[in-house]
Amino acid sequence: MSAPRPSQSAEAARAAALQAEFNEKKWVWVPDDKEGYLAGWVVKEEEDMGEVVMAAGGEIRRLPLYALSKMNPPKFDRVDDIADLTFLNEASVVHNLRLRYGSGAIYTYSGLFLVAVNPYQSLPLYSDAIVHQYRGKRRDENPPHIFAIAERAWINMGDERENQSILITGESGAGKTESTKKVIQYLAAIATDTHPPPTPSHSQTPSLSNSPSFSPNMPTTGLPRNSSFRRNTHSKHQSISVSGSGSSLNSKGRLGLLERQILQANPILEAFGNAQTQRNNNSSRFGKFIRISFAPDGSIAGANIDWYLLEKSRVVVRSEAERSFHVFYQLMEAGGSLKDTLLLDGGVEDFEYLNKSRREVDGIDDHEEWTALKNALDIVGFSAAEQLDLFRIVAAVLHIGNITITATRADDALMSDPSQAERVCHLLGIPVAEFTRAVLRPRVLAGREWVNQARTRQQALDELAALCKTLYEKSFGMLVDRVNRALDRPSSKSTFIGVLDIAGFEIFEVNGYEQLLINYTNERLQQFFNHHMFVLEQEEYAREGIEWDYVNFGLDLQPTIDLIETSGNAIGILSLLDEECIMPKATDLTFTNKLHALWASDASTEEDHPGKMKYEAARFEQGFIVHHYAGRVEYRTDSWLEKNKDPLNDNLTRVLASASEKYVASLFAEYGDASSLVSNHINAFASMSKKRVAKKGAFRTVGQRHKEQLASLMTQLQATQPHFVRCIVPNTHKKPGRVDVPLVLDQLRCNGVLEGIRIARLGYPNRLPFVEFRQRYEVLTPGVIPRGYMDGRKACLRMVDALELDKVIYRIGTSKIFFKAGVLADLEERRDALLFDIFSRLQAVARKYIARRQMKKILNRAVAIRTIQRNARVYGELRDWPWWQLYTKVRPLLTATRSDDELRRKELELALVKERADRDKQEREALENLKMRLESEKGKVEEQLQAERALALDKDSLLERSKKREVELEEEVAALQTDLDTLDSQLDRALKLQKESEEKHETLRQAFDQAAEHLVRLESEQTTWSQKEAELNSQLEDAQVDIDILAAEKEELQKVAEELKNLVVQREEDVARVKERMEHAVKELSSKFVVEQRTKDSLQTKAETLEQESRHAKEQLAELSRAATDYSNIIQQREEDIDKFSNELATSKRERAQLMKEITELNGKIDTTSSQLQAEQDEHNRDAAVRSKLQEELDELRILLAAKANEETRRSEAEESKEEELQLLRSQASQLSQELGDARKSALEGQSKLKVELDSVTREYQSLQQSHKSLSDRFQTAQGSLKKVESALSDTEKTKRTLDSELQSVRTRQIDVDGRLAEVVKEKEALERKLNTAQTKYQDFEDIVLQLEREKSAHDRQLEKMRQHLDAEVTKRSQVEKSVSSQKAEIIRLKDINIKLDRDLNKALNDLKAREWEVKQLEAKQDKTIVEHVHVLEEAKRVTDGLLADAQATLREQAAYIRSLENNKKRLIGEAEDANREREREQLELRNKAKAMKAHEETVNRALEEIEHERHAREAAEVQVRKLERELEITRTQDRLKVAEARVRDLERKLEAEGKESSDLEVWRQRLAEEMEDERKQHQQDLAERDFTADQTRKKYQTELAQLSEELQSQRDTMSRLREETRKVRSDYDELQLRYDDEVYNGGAWKKEKERLETKIQDLNKAYETSMAAQTEQQSQIVSLHSQVRELRSVLNDAEADRALLQKARRALQAELETIKLDSVDTSKLSSDTELQNLRLKKQDLERSLEEQIDRASLATERMKKAEGYAAESQVELGKIRVENSELDKANANLEKQIKELKVRIVDLETKSLNSPKPNPTSRRLESRIEELTSQLQTSKDSSRLHRSTDKVTRDAMYQLAEADRQKTRLEGEVKIYETKLAGMRQAMDELQTSENNLQLAKRRAEREAADFKQKALNLEREMERLRNRLDRPSNVMLGSPVRSPRK
């Protein structure tokens, strides 16, 4: 790694000398402008200043002390990790990097990441030995290297099973691409070498590979994340490297195909995506993220490459000091013969796109690079055609650049030399004419027509440049996709390591749009780095509870990112650019000006966006300046709109999409549809406009695409564990060994290197979980942790105490223990030393044991040898001894006498052993049986236990839900109680208000009495009265203005309410759609659960049930509420009580919801009424003042009258005038209150009505002014009217008494309402008691609830299916006519088939006649047997002729029957048309009736308006009376008094007449209301009758259609019988032929086999007959089920009609409520405010009853929907039964066919057994002719396959003749095969029987369910009738109440 150094002694001496020199002086770093920092020492310090002597030159500088940086001791020179420095400052960091770079060490650790300095030369740092050196080692065991980062990512991926990413970032030219290649090289090498090289067993190597827990396949070390270890001595590492590199392995020789392909993908991408720039000779002009996927065993499982932001503009234009992409120059320099193929003549200087760029680059040989590119393409797997396609695009780009475009005088573009265009079109496979037309005169859309638009020269050149960029970009994308397909493997991928190499930060002299996108990307990556390094690290400390002060490093780049990308209130640069691209007249200048206006404004506020600090307007050029983290960058905005739009001519894309070259066409395949539209439908503007709109809707700019790609990249990075590599550019001259300190410092600051070191030093970068720390380092603390369980934190505390670690260097969190940098390295060394000692002792003991064992073996061998020698010597001595010889001869004789005993004893032992073995065998068998039985019982018990557990889980979940529901119900009950309390309080307040109003009334009466005494003062206050009148007029005008404002607000509120309603409807529709999708998903999941329930465990089933419950939360809550209320009477009646109680709870819940609504409404009304009461009190005060003034005026009038008459008349007149004035005051007060109340309520009801009333008032006022003039002439007659006024006063007293009686009735109604409220409270208490009883019974009925839930879900599914089927039936009704027409075509086709059959039959008869002639010729040649057979053939011919005649007769009958069916069909069509006409006529009548009803309603409304006009006229007349009275008061003369009296009498007569007219109008209105009600009832009856007739006609048509379908089915059956008869004829022919063959061939040895097969055939026939009978029975049952379904459908239709009636009744009730509101508004009919309050309460009661009726109607509709769903489900089941019946028919047909084939085979066997001689040629010809006849007969019966089966039949006949010789050998085998077939058919018949039984059961179940749903439908009808009655009763009550009131 580093340069070779001197020996250790020399090194130590040099270090000692440097340390001694360092200790003598106070060394510091002095900042310098050129060199960055220079070394020096401080000689003098004065306060804040100091004198420093520079080490280089001895110059003395005077500097402030804060500018100086401390210097580290010399022992820290060239330290591997910058975090280990004592003094951490910029000068020390850059000094360390400079020293290491000068010694050849380009890699340096910087805390948690790696700093790599570009060496600008090749270094021997990446060989196989180096790879092996870093394989499986810790970070501190080797010098810093890019391989160590890759190894750490590999280790973390294996340990934590987490995806890893390596982010290689830096400026352009820093070496990111090379670092990426080295990372991929290392990963490929270690993934291939799954077994690490062996290490010496006796060497002490601090490596984890010696650990027994180390896995060779996937290295799993216990190291923590991001550990940084410190080396002890350099010599130790040298020894490690030497020992580690002792193996001579070659990774290239071990690499597999996938690894080589991954490595060779880089040359391909570099050739097509890299280029030479001013700062880098091999700069990546695109970003890439390479994901290398690994299998679980650690091997590479595939790779994938994502690319970002290709700089495609480099293809067209670039700086002269730069080059285009490498592939252009490689192709031109080393293309060879490929250049001729691609029509590339000349060199680089001959092409426009290359001749203005740099030709050669230092260090790049285009010939070698071309060879490497070709080899890489071959290795990756590119075929020759694919390579040619890639280079075809490159050559086409060069040729397009050479196309010359000139301009005419009119500035139109002209292509003077078409040769280059011809070359381009030849390469791309497109027509030349279309290409030139698309470039020069493209077709554009002008309005609704397509016209050819001439382009200028510049426009044509721009389009060609855009074409080149698009071609190259699309080809590059296709190239990357092809590489990804080659690198993808269909294997299991566990995790991946991603390597990010993206273009670095760029600052050029002229920065454009591409630089902004690149710098924006780097800004996001730097923000990710800052967040991960600084924020997440400190958040980890906070989560673990470590004492830590949050450090803000000030590196938040979010303001800059928001400046570029944000959208919303503050629009960013890219968002504004996208917006400008859409604007029609936008330019780059307008875009720049908008940017300045948004971000460069001088006005600063507190809410300014922080991005404004990062933005600055350019001073001299059109552009702006952005303050990036790397510095200020000035951007020029020239051509930004075009670059962002990336426009492309549609004509060119269509031409290229239709290219003959498949590769080119595939690049533009997305434009293919548009081309077909243009070419085929030029004038179809509508379709083209739709296509154009769709295409524009998909328009996405370059900025949008880049933001999406960048967001995807950041999402991937955030899901991985990142590792950071910071690449540094040492100098701008690309010279090795040189370090530009200011440049390096700038990069270090921008990359956040110093901040990362600071947090690494301040923080605790190494961490381990408690378990892992204890597992790894417990060996260092033996005996500290006792046996048994101990908490991890306590164990770690004991361990660190035993290890004697300082508390400063570690922290213990909640789940992990944290260490300072280097602490774990010391612990690892201590652990390695301990393990080395332990293993050394273990090896010593093992060697001692082995040595002792070997020595013991040697000693035993010596003893054995001596024993053998001694025995040999003894034998040698005894061998010649006579007694020994005698002993050896006698010894066998001694054993012979005991052999018999020995044999008997052995036999006994053998018997005992056999018995024992048998007994053991029996016991073993018994035990095995017992074991099997126990295992089966165990399995059953386990299954039961599993089921019990599942049931227990279900019960637990159900119990929890029930508890939750109980709590909710309690809360609801409490809420209801509170609501009732509030209602009671509101009622009390209303009563208090009533009492207060009565008291006010009394006080007013007393005030009136007091006012009578002050009548004398009225004369003096006359002037004040006129002023007061003016004030009242002004107040009225103000009130009118307020009314207008309120009306406007009302309209706005109505709009808002309508919008909210629409939103609610949309949300409900969305919820319904989601619910349907969820229900469909639930059905699918339930079916899958039935299939896979044996393999899935209980947890998954619980999860699915919970998921289903979460999707149907509302339905389950409703079911639980019903279940909770239905358990009161479950013992007696389960289902009925459950339904009843659930309905009661549902109604109570709806009532609660309604009560809540009413409460909110009451609150609003209380607010309004409080405001109204306040206003009315003010008005009452004003009225009191007015009354007092009027009373004074009346007193004056009375005094005047008293002066003329005597005291008695004066007193009577005073009393009369008093009563009159009292009445007038009352009427005035009522009128004022009425006007204000009308004004407020009419403002809520609508502005239009008020305007109409005001207009009418104004008109009446004008008319009254005119009448005033006429009345002044008749002033003399006013005195006579005074008497009539007195009579009117008496009448008003009577009306007062009637109003008092009405008030009393209202009070009685209020008492009734109170009683109802008490009843409601009692019902609520009863419901609470029922709820408590239900909850007590809840535990007992859990199982029943589960079953009911399952049944309900099943019923819901059935109802859904029935609903779907009903919809299908509606569609089928419209398809009847289509089916009839198809039947017509079928009849015609059958006629054609019959004609063809007749023709074929005639042909067959002719053939038979020809055969007969041939048989006659054969008679002379054949013997007696042949003659007999000929007779047999003739007889068979006659039989077949008869059968054919019968078949023709049946065909004629079928034709007649078809004609009758056609007649029936015509009749039915006519009837259907008549029914349609009748229905249309009924609809016309209904529309006419509706029009009449509308006209009637309009007349009623007009009458009501006239009544209102009359009322206003009466009020105006009363006002006029008051005016006249004022005039009477002013005159004070007797004459004018007499005239006034006459005038008053006249007015009273008019008032009386108007009152009579108003009463008449009231009676008329009442009559009109009654007529309206009668008309509405008649209309409802008409609708019901119409629905009934429509249902009857529909049923009639359905029955007729069913009959027609049955007739068609019977016709098909007859046709099938005809086919069967033809088959029988064919089988007879086959029998004749087989008999002939059998008599010729074989003898009669097969009779027994024939009889046996015949019995089998009879059995099969019987089974077939029984199945056919069962099928007919099932068809009849299906017909009955059809009828039941039709009945259910009619019931459902009735229910729908009832629902429509209920809705109409609801609308009628609402209309009545509106009328009641209008009536209640007219407060002139009431006597006081209490009556108004009572009417409001009554209205609320009516609204509540209306809501109840609506809820009941909704319940009825829900039940009806359930019935519809059940009907649909039963219809689906009927469809399934039909399908099963059709399958049974097919099976029966197959059985019949097999039976006939068996018969044929039996006859064949019998005939072949008769004769054995071979047939002669004549018989062969006859046989072939008979086969031909049978084949023709077969083809005649199957007309659909007539033409295509003749050849096949002939081939089959020839094949059968060829196979005739070999059939004899196969006969016995075929007999056995047919026996097995018969057995299989019997089994099939049994299966059919079982399926038939299942169908019977399903039919019975369907019948029962249909009966149940019939009963439910009847119940629904009764419920609907009851609801209708209940709706009629409130309507009658409401209609009657306003009618009776006037009569009282």
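Here the Cβ of each residue, glycine as well, is placed from N, Cα and C on the backbone.
Which of 457-479, 710-732, 825-847, 871-893 counts as region 'Actin-binding' depends on TrEMBL, and there it is 710-732.
It is 1922-1944, from the ranges 266-288, 1347-1369, 1600-1622, 1922-1944, that TrEMBL records as region 'Disordered'. Looking at 1809-1828, 1829-1848, the range annotated in TrEMBL as region 'Disordered' turns out to be 1829-1848.
Restricting the average to the domain 'Myosin motor' (77-832) gives a pLDDT of 81. Shown in sequence order, Asn118, Asn280, Ser283, Gly504, Cys727, Val729 are the same-chain residues outside Gly170, Glu171, Ser172, Gly173, Ala174, Gly175, Lys176, Thr177 whose Cβ sits within 8 Å of the Cβ centre of the ATP site. Under DSSP, the residues of the domain 'Myosin N-terminal SH3-like' (23-73) split into helix, strand and coil as follows: 5 helix, 30 strand, 16 coil. The 10 Å shell around the Cβ of Lys176 (ATP binding site) contains 28 further Cβ atoms across the protein chains shown. Counted within 10 Å of its Cβ, the other Cβ atoms near Gly170 (ATP binding site) come to 24, all protein chains included. Helix, strand and coil content of the region 'Actin-binding' (710-732), in residues and according to DSSP, is 9 helix, 8 strand, 6 coil.
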